[in-house]
C-alpha cells in the first residue's frame, strides 16, 4: 500500500460514524420530565474552517464562539473550556461523555501498541489546574470509527456558549487510538446519559473495562440543573443548525439559534431502540422514517435511525442503500474496505427524499456526496447500517447524519432530568404528575407559535416519544401545531431555498 492510498483510506474511513458511541451494555434507563420550547441567546456559531486556515478562531470572542469543520468539512468542533482552558471538541449528538486529552496522552495504533503522540494528530491537550480522578471512575469509550479512548474521570468547570457548569464530571483521556485532524482535542457529547461510558473499578491500562457502567448527569443535562451558571436557568433544549461548506452553522443551548423558520410544524415520535432484545426508550435520539421517494417512486420503511451530528453519511438498511446508490449515474459501487459506495465525482445524482412525519424531506444534491474526493472518485452519503456485534442492536443500527442535517434546524427537547441520581424509567409520557395533557397543550402551543414567527423554512419536525398505552390524546385535543408532553423532542426545519441548492 502506498502512502497516497493509505491517506485515501484513512480519510474515507472517517466518514463512517465519525463519533457515534458504541457502548457496552448497561441497564440504566433515563428519567425526564416534559417542558416547552423557548428562544435562547445562548448559542455558539458553527464555522467550518479547514485545518490549513490562516485565522485562529480561538482568538475570537467566546460568546458566540466558533465551530470549525475539519477533515474536509466533515466534522464539527466547538470551543469548550475546562477550568477556563479553551479547546476544540467534536460536537456529538451520538455520544454522551465529554473529554479532553491530557498532557501525558499516550497515542496507540490500531493494534493498541504505543506510538508517537503525533500519529494521533490531535489538537492541544488540557493544560489547566490538576483534575483529580474520582475514586476508580474511568472512561472507556469505543466509537464507530474503531477509535478507542480511556482515561480517568474528574471534576472541572465546563463552559460552552457563555454558560458554565460547575464541578462537572469530565474525563481526561490519557490513552487512545484516535484518527485526529490536528484540531480537535476531545469530544463534547450531548446524547442522553444512557449511553455514557463511565466504569467503576476499571484498570485503564487494560484493553477493556473490567467494571460496570455507572450513570451520571452529563454536561448538557447539568446545563439546565441547579449547577448551571452564567445567567438564568436555561430550558432543557439544544438546537443544531448545520450549513454545508465552510459556514458551519450554530448550536444553541436553551432554545433556538438565530435562524428563521416558517409555521409548518410536523410531528413524529422518538421511537427508542431495541437494545439486547428489550425496548429502551431513552437511548440516543432515534426516529422512524415512514419511507422514501427515489426518482418519483415511493416506498414505505420500518427501520429506526438515530439523528447524529457526529456521522457524516446516512447509514441505512442495506437494501435501501443499494437502491439509492444504484440510482446514481454511473451507479455507485460498494467498497467493502471503505464501507462506502464510490462513484465518479461528476455522477448525476438521483432525486431522493425521506418521508418523516408524513412529510417529504428532499435531500439537496450537494449533500449526496461526502466532501472528499480522490482521483476523480467520490463517496456518496448513503451507506449501509453500522455493524455492531454482540447482539446489542438486533434490528440494526442506522443513522441520519450530517448529510441529512445539513441546512436543517434540529431542536432537541430532552425534558427536565430528575435531580436524583436514581434514574428510573419514565412511567407516563402524556400524563406527568403536575400537568394534564390539556394543560400541556395550552402551555406549549403559544410558545411554538411565538417561535414560528421567527422562522422562514418550508418544513419543521417536532420529534417526540409516543405516549404510553392509555395516554393517547384524542384528535380534538391534539391539533397539527400542538404537542403532548414530550420527554425528548427534535424540531427540524428546511430553509426555503434548500431544494434549490443555494443555502
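Cβ atoms here come from the backbone N, Cα and C positions, even for glycine.
Keep in mind that TrEMBL annotations are predicted by a computer and have not been checked by a curator.
Remember, predicted model here, so these are calculated numbers, not experimental data.
Of all Cβ atoms in the protein chains displayed, 26 besides its own lie within 10 Å of the Cβ of residue 92 (active site). Annotated active site per TrEMBL: 92 (among others), in sequence order.
The active site annotation in TrEMBL covers 308 (among others).
If you look up TrEMBL, you'll see 476-490 marked as compositional bias 'Basic and acidic residues'.
The annotation domain 'Peptidase A1' is assigned in TrEMBL to 74-424. Looking at the domain 'Peptidase A1' (74-424) alone, the prediction's average pLDDT is 86.
The feature region 'Disordered' is assigned by TrEMBL to 467-490.
The signal peptide feature in TrEMBL is assigned to 1-21.
For the pair formed by residue 92 (active site) and residue 308 (active site), distance between Cα atoms is given as 7 Å, rounded to the nearest Å. Over all protein chains present, the Cβ of residue 308 (active site) has 30 other Cβ atoms lying within 10 Å.
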